[in-house]
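According to Swiss-Prot, the active site, proton acceptor annotation covers D143, on the basis of sequence analysis. What Swiss-Prot records for 295-319 is compositional bias 'Basic and acidic residues'. For 357-378, the entry in Swiss-Prot reads compositional bias 'Low complexity'. Residues or ranges marked as ubiquitin cross-link in Swiss-Prot (evidence: similarity to another entry): K51, K145. The domain 'Protein kinase' feature in Swiss-Prot is assigned to 22-286. Look at Swiss-Prot and you will find 293-328, 347-378 tagged as region 'Disordered'. Annotation comment: Swiss-Prot describes 439-468 as repeat 'ANK 1'. Here Swiss-Prot flags 472-501 as repeat 'ANK 2'. Swiss-Prot lists 505-534 with the feature repeat 'ANK 3'. Per Swiss-Prot, repeat 'ANK 4' is recorded for 538-567. For 571-601, the entry in Swiss-Prot reads repeat 'ANK 5'. The repeat 'ANK 6' annotation in Swiss-Prot covers 605-634. According to Swiss-Prot, the feature repeat 'ANK 7' maps to 638-667. Positions annotated as repeat 'ANK 8' by Swiss-Prot: 671-700. According to Swiss-Prot, the feature repeat 'ANK 9' maps to 704-734. Among the features that Swiss-Prot reports, repeat 'ANK 10' is placed at 736-765.
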Amino acid sequence: MEGEGRGRWALGLLRTFDAGEFAGWEKVGSGGFGQVYKVRHVHWKTWLAIKCSPSLHVDDRERMELLEEAKKMEMAKFRYILPVYGICQEPVGLVMEYMETGSLEKLLASEPLPWDLRFRIVHETAVGMNFLHCMSPPLLHLDLKPANILLDAHYHVKISDFGLAKCNGMSHSHDLSMDGLFGTIAYLPPERIREKSRLFDTKHDVYSFAIVIWGVLTQKKPFADEKNILHIMMKVVKGHRPELPPICRPRPRACASLIGLMQRCWHADPQVRPTFQEITSETEDLCEKPDEEVKDLAHEPGEKSSLESKSEARPESSRLKRASAPPFDNDCSLSELLSQLDSGISQTLEGPEELSRSSSECKLPSSSSGKRLSGVSSVDSAFSSRGSLSLSFEREASTGDLGPTDIQKKKLVDAIISGDTSRLMKILQPQDVDLVLDSSASLLHLAVEAGQEECVKWLLLNNANPNLTNRKGSTPLHMAVERKGRGIVELLLARKTSVNAKDEDQWTALHFAAQNGDEASTRLLLEKNASVNEVDFEGRTPMHVACQHGQENIVRTLLRRGVDVGLQGKDAWLPLHYAAWQGHLPIVKLLAKQPGVSVNAQTLDGRTPLHLAAQRGHYRVARILIDLCSDVNICSLQAQTPLHVAAETGHTSTARLLLHRGAGKEALTSEGYTALHLAAQNGHLATVKLLIEEKADVMARGPLNQTALHLAAARGHSEVVEELVSADLIDLSDEQGLSALHLAAQGRHSQTVETLLKHGAHINLQSLKFQGGQSSAATLLRRSKT
């Protein structure tokens, strides 16, 4: 059977396969090219891909086309070309190596990619195309686009789909058909659209490569908003290229050079476009030095392309400042960068900032033994001996002990802290991704804490677990939200991240967003169904926290989500209590007007929002609460009214407000104190004056039958004593028979004693017992007696 197949197909070194050799058929892709199945070879014990013809019944012409594609791929055996093994006889299909990551098109649409990976993909694609063009005769791909650039498990490029590939100079009039062109038309050069009979040449692929660069830079599809193929063709012929949106921070400096290369590659004149041999030299430099000055690659071509540009760049999104920050001073669009390159404007670029903390902070133990794990150089070109040596060395060094060692751990930590994504891409191994550091944190925790967004992207691409916790119970999401790292938050939420995970204080990520007033992160979390009712160890929901920290924007966001503002926290505190306590007037107004909210709601100890505002002296909050019908005479469990609280804490303006709004000035606490007693006892002169002006009873007796004068004298508040003293009060005794003078002398308050003596306080036997002391009060008493 196999011999018959070989003769029939004339495959040369390729082999034929029977359907029985494969198991577990799973469709992984379909389109105009047919269907692609993931299969497992029964004997080889490995996964392969089979691209089957779109037709149910394959005729001789389709068989020949499939055979031709297989032969081209066989001829083009190379590191960045997808390996082909042969032909499956039934169903008829091309048997190839299975690429776990899938196509570049799929990857670009899935999540933001690290810049180092983007540069590497561009470079490896260029190296693969250079190999094809260096064949004799040159092999033209003619359908280079992200859908035909596959990526292995380590995100290395494998160029595929040689169905349209031809040798240099060949042409057929039927090559440009309208069937299946929608995904390809944007990658066709203008000369091919204008002249169907034009001979193919290498510059066709160079133009397509430019559009691939555009897609890698923007992670968008070219002309995505244009639904009419003819309109796209007309635009391209007229010199228009895909629109150039802003490239937001962070971005390496080499981005400008890559844009210049892209501009030359999509030039309207094919002769101006560089060859892939020239391109690979430039992309290799970009990969090696993405954050350093790179030679000017954007020299002015003979004729400028007509480009659609935008004059304004998007404002930079609020995000955590990265420790390694190589971006330009200002955000600018691709078109703005191009205009700067075209006009020859030199840009002064700041160097990357360095992270303040050093890798030594991680306290990694020294390694007694270890192995150097295998890695793949990201910049080795097809003809670079340096790249080959690097690869050879790392592979040989990979044999050794199993598992990551301390020295490998230190390399990973150093790469992440320094923001060296290129280094991280080379040394990170699958078994290292969820490595636990000495602080019980993962590499992902470290990257988030250091603000290294590019490293976070690479770790997530390698399936780092976003739900691991450190010693404090924090996940990377907790840390990212706490540090307001919006970009990192978006990356984490794009994964299967637990949005309601709690740290050691029972805080969720939404608690941190509420505390920081981070509306962007709050919205992102709510879109991922973050719970608004999770409570921390003090019973606070995110709404409580937002009110406590005065984050009105978060309060409004949560209210729009229907959050229950009547949900009680610890000790029955409502969000309104927290807002009143902290004096956040706009939030108090907002909450007090919500349906079902009572401005007289009491905490476990009986305090209302008005009590709390009075205690902290938040006059404007107290006024709005009173305007909203808060009871000025409501009592706490200790029978304190808001006036008692204001007097005790000395907030005179608030006390005046309460008095003018009907607060009872003679109300007694559970211990028998009036507002005047509390103001005098605590030495609040202005409040005492206010209460006296408001006709508060200075003769009123409190605990131990003491007047306000007794209380002020006992505490040594001489100025208050001066205000309260009168002939009727000065020698009054409490239930222990002590006058104000006795109490002042007992407390050794000499200035108060002097004040009372000055006003004629009587010295009796009870007072004389203090004369034996050495205090200044005793001295005053002795002098007065004599």
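Placement of Cβ uses the backbone N, Cα and C atoms for every residue, glycine included.
Same-chain residues lying 6 or more positions outside the repeat 'ANK 9' (704-734) and placing a CB less than 8 Å from one of its CB atoms are 674, 676-677, 679-685, 688-689, 692, 698, 740-744, 746-747, 749, 751-752, 754-756, 759-762. Secondary structure at K145 (ubiquitin cross-link), taken from DSSP and collapsed to helix, strand or coil, is coil.
K51 (ubiquitin cross-link) and the residue listed as 'active site, proton acceptor' have their C-alpha atoms 16 Å apart, to the nearest angstrom. Proximity of distant same-chain residues to the repeat 'ANK 2' (472-501), defined by a Cβ-Cβ separation under 8 Å and at least 6 residues beyond the stretch ends, is recorded for 110-112, 317-320, 442, 444-445, 447-449, 451, 453, 456-457, 460, 466, 507-510, 512-513, 516, 518, 520-521, 524-525, 528-531, 534.
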